[in-house]
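**Q** Here it is: the structure, laid out below.
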Amino acid sequence: WLSYHSELILKAFTGNTNADSVVPHKFQHSIKARFLRFVPLVWNPNGRIGMRVEVYGCSYKSDVADFDGRSSLLYRFNQKSMSTVKDVISLKFKSMQGDGVLLHGEGQRGDYITLELRRGKLLLHISLGDNKLRSSNSHTSISLGSLLDDQHWHSVLIERFNKQVNFTVDKHTQHFRVKGESDYLNIDYELSFGGIPVPGKPGAFLKKNFHGCIENLYYNGINIIDLAKRRKPQIYTVGNVTFLCSEPQVVPITFLSSSSSYLLLPDSPQIDGLSVSFQFRTWNRDGLLLSTQLYENLGTLLVYLTDGTLKLVHQKSTKGHDELSTGTNLNDGLWHSVSLIGRRHRISITLDNDIASSVHATTAAQIYSGTSYYFGGCPPNISDSGCVNPISAFQGCMRLIFIDSQPKDLSLVQQGTLGNFSDLQIDLCGIRDRCLPNYCEHSGECSQSWNTFYCDCTGTGYTGATCHDSIYEQSCEAYRHMGNASDFYFIDSDGSGPLDPIRVFCNMTEDKVWTVMYHNNTEVNRVRGSNLEKPYSMHFSYSSGSMEQLQAVINSAEQCNQETSYHCKKSRLLNTPNGEPFTWWVGRTNEKQTYWGGSIPGIQQCACGFEENCIDVRYFCNCDADKEEWTNDTGLLSYKDHLPVTQIVIGDTNRKNSEAAFRIGPLRCYGDRNFWNAASFNTEASYLHFPTFHAELSADISFFFKTTTSTGVFLENLGIKDYIQVELRSPTEVVFSFDVGNGPFEVSVKSPTPLNDNQWHYVRAERNVKEASLLVDQFPERKKETPSDGHFRLQLNSQLFVGRCTAREKSFCNGLRSMFTAFIKYSTGRGTGVWRGVGPGCPGHCSSYGKLCHNGGKCIERHNDYVCDCSSSAYDGPFCKKEVSAFFENGTSVTYFLPEPYPVTRNLSSQSSAIYADAVQPRENVAFDFKTVHVPSLLFYVSSHHQEYMAVILSKNGSLEVQYKTNRKQDPYAFLIDSASFADGQLHRVKINREGRELYVQVDQFHRVKYSLSSDTEFHVNKFLVLGKVLDSTDMDSEVMKANSRGFVGCLSSVQYNHVAPLKVALRHPSATPVNVKGRLLESNCGASVAADLNTITTTHSLSDLSGKTDEREPLANAISSDSAVIGGVIAVVIFITLCVIAIMIRLLYQHKETKKRSSETKEKGYTENLDCSLRNDIDLQNAVSECKKEYFI
């Protein structure tokens, strides 16, 4: 018997409550059956027992063939071979066997088609026209269905047209494309049904035959079984095929509960031993199968599953036990047979009738069977029954139970005349495959138990109960918002959608966050010898991902571009003004594009033509002037619908002295149209509504909100009975609720602090067929499991309302941002949805995210986001976290003149305001990092014109000394920190704070030390600050003068004095008024050069840019070598160091000569050395992957 289900729920039909009324019901799908059985659940308590039922149906034609596992039907063609371009095969079958061939045909060219049952699943194998018979790369195999050996009818439909195939089993369809060389299926001689007979060997078959019944078997409109019944000559019968489906008298039972299910079967004790056999199937790894107490206190025999392995345990009445095990992975849902035999002093157990699987044990006493056999579990009163269960009860199905070689009629158990039972379904196997269909998303691997399924998301890039949640952010903007630095990241543009994550480079060094996607050739490429008849062509494949993934990134971005460079010598580009273009490119639309970078679609021009500054005004591209000298056309393609570039075609380089070189840069996008996408709900009547939210099986909703109201509905969507809603129920509680037909279901998160604090808060809600979850900010995520059996499809039909519910109550006020539902991104900008009292944008980003600006950086509010102003910080970068460091040579001096106090609100630029922002402070706050091996050294010095100063000195023994002199008539205060030697070549952090008389000093991770001054006198005005060597040492104290003899040789980083960053000003604005730099000051990276020898000069890039201007008139160089600039740089450094050692006294003169030499070399090499570096500086430095500037430590 098979129970009727509606949406996988056991359907209960309500009846009448009086004698006359009629209650009609309609089935969701038609039913084909021989018998109907009605099971009353509840009788009318006020009336008598009685029921009248009428069933309405229609006639049904059935042609059935019964195969006994040793037979088949052969349909022979009228000609030698049948060649078809279209096939339709349909049939129904039922079987108790999990393996067997239903259909097979093959041809000599390697074509074949096979439909077979394997382990309870249907497999379709097909190959078209491959000469290599069944080559591994030519055949296609598709698996569909599960548990098809359940003795119920299953329908199969195979539809093929050319290479496209639709394969349907019951209600599940798989669409696929067949491999092979042709569109024809060539079958020789015949098709076989029920098995694959061996030619010339009657009764022999290549594979296991089908054992069961096939009904209404049609091949391309031909009724095969009808032909066989009428004994037509096209049909040849092998073995015994009958045309009436036999019904085996097998009564299965289902154990429903893992705690209370059991079946008790009594039997008479046997003196000649014990014999029990049965079949079982389950998904659970553990469960008791059999427990029986042997006669005369000989102990208990237990058969149970543990971790998918079958175990036989003989628990003796005395201490000790014997244990046997066999088989693995027996919880695979298939039928397995168990045979237990005890004779005299020997016990053996056999699995699946396989003699090789038999295991044996010897007992001291002779085996006698008992009187009671407990299958599946034990009753509650275990002590009285003698049943033993060391593990959980069995959940699954059993059948064909034999005791002492006699079958047990389980229908007698149902009638109450045999044995006893609890929590069983008799005459029904209720197993179901919870992994069909597979609800694990993104290729997650499904496994299951009797009650539920599990998803293994390993290696998918997703997580969650159904592998729904991406572990990656949706854009580089989101990574930046988290405080991440420039690097390669995976981004998932559609979140939980079907597209896989892609790997991109996120460049966060600029004001805008750039997403960079590279292709297979970003180098400069030389082209010669091409014309329109035989053009040069190059295809670009992007390592980031597929075109669909790239398109998702482009669509989410605010703007994208891709640089195109065409360097030409007597090689025309677009052949303007009116000619057919010689060069074109192809984008993602696969259309020929005849505009170049810097122009716009529909205009056959280059950037110079669009800007009207070409070298020859008669043409719209520089290269179209067809000059003998090198020139170029370079610009940015920025029309998003055409990007990225996938191909370039060049056709004018075959004339004399004609040559070209091109470069297609990486695809670069900035901005996230959804991350800062915000709307303001200004009144209680404000709302947005969008089309219906379709997410039947899984739904996720995420957004940011800020509000001052105590309650409100964020969003709601209704169906006839179903709904989904997210609301702020109280100032401290967010609730996610929905109903899929099982009643309302809620998940809530309570915050310890109010959420209506006008700060941005994050909400993410998700529901799937397994569970519902709700996350608010960084609080622990709340999860609740949904019912494993019940309705699970969310069916909505109204509009999605955002900001209020349909009842116009509990409307939401204030702001929402970055709203995502499932993998749909809802734009809260104008032009989408329907607006009622809602405005675009929502100010106040800095109130929530200002903490992301570190080290004194200031958060600046913008329309759709914020930016960190680092002008008054010693650090740099998008979040003021990047260290600004420099290497000081012997004699290098940086003097910063501190201004007199005056208002800083006068009209100055941002740079100037940062430079002059410092006024006289009642305290000193000093912080810097240093690294050196030279002692003594003067690390930091600040002084007034009245011989008052503060100095940080590294003493001869490596200890740190802080000196304070606040009165020129008194000796300085000296404070010594000697916890370690700090002249060890390692980076050390120093923090000094003075508040009146209290002085606090902290070095690295050591405890903060407090010192006291006798006076809280402030420094007088007109101070100056020195890093490195103090050049004017007049009136300097002796101890400071000794440390200043060499100044400081080493690395200083992130120097901050009150609100001034003197080192940053010296590096970024060396010509600014308050700073004076003497000697060589080299920007470096203190943290990355720990192992460098600080006794030598570190050759890093200096403040002056030594790269020469590119001569665009010279030919290409990088096509030969991309590293010549680096090699030349290394040689120049070695020469420079050698000359410094030999002629230190004439160093200034040498530097002058070296400058001349480099200038001369630049002119000689010209375009050969600098074109590639220029291209890289223009493009790759923006991507933070530059190869033209490198650091070397020698």
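In case you wondered, yes, glycine gets a Cβ from its N, Cα and C as well.
A TrEMBL annotation is a machine prediction, not a hand-curated record.
Annotations per TrEMBL:
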DOMAIN    1-58  domain 'F5/8 type C'
DOMAIN    64-245  domain 'Laminin G'
DOMAIN    252-429  domain 'Laminin G'
DOMAIN    431-468  domain 'EGF-like'
DOMAIN    467-519  domain 'Fibrinogen C-terminal'
DOMAIN    677-842  domain 'Laminin G'
DOMAIN    843-881  domain 'EGF-like'
DOMAIN    903-1086  domain 'Laminin G'
TRANSMEM  1125-1150  transmembrane segment
**Q** Among 1-58, 64-245, 252-429, 843-881, 903-1086, which stretch has the highest count of C-beta pairs below 8 Å with the domain 'Fibrinogen C-terminal' (467-519)?
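**A** Between the stretches 1-58, 64-245, 252-429, 843-881, 903-1086, 843-881 has the largest tally.
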**Q** Along the domain 'Fibrinogen C-terminal' (467-519), what average pLDDT does this model show?
**A** 89
**Q** Determine which residues of the chain contact the domain 'EGF-like' (843-881) at the Cβ level, with the cut-off under 8 Å and only residues 6 or more beyond its ends counted.
**A** 480-481, 483, 485, 508-511, 513, 676-678, 706, 758-760, 815, 910-911, 913-914, 917, 927-928, 1054-1056, 1059-1061, 1063-1064
**Q** For the domain 'F5/8 type C' (1-58), give the DSSP counts of helix residues, strand residues and coil residues.
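**A** Here the numbers are 0 helix, 4 strand, 54 coil.
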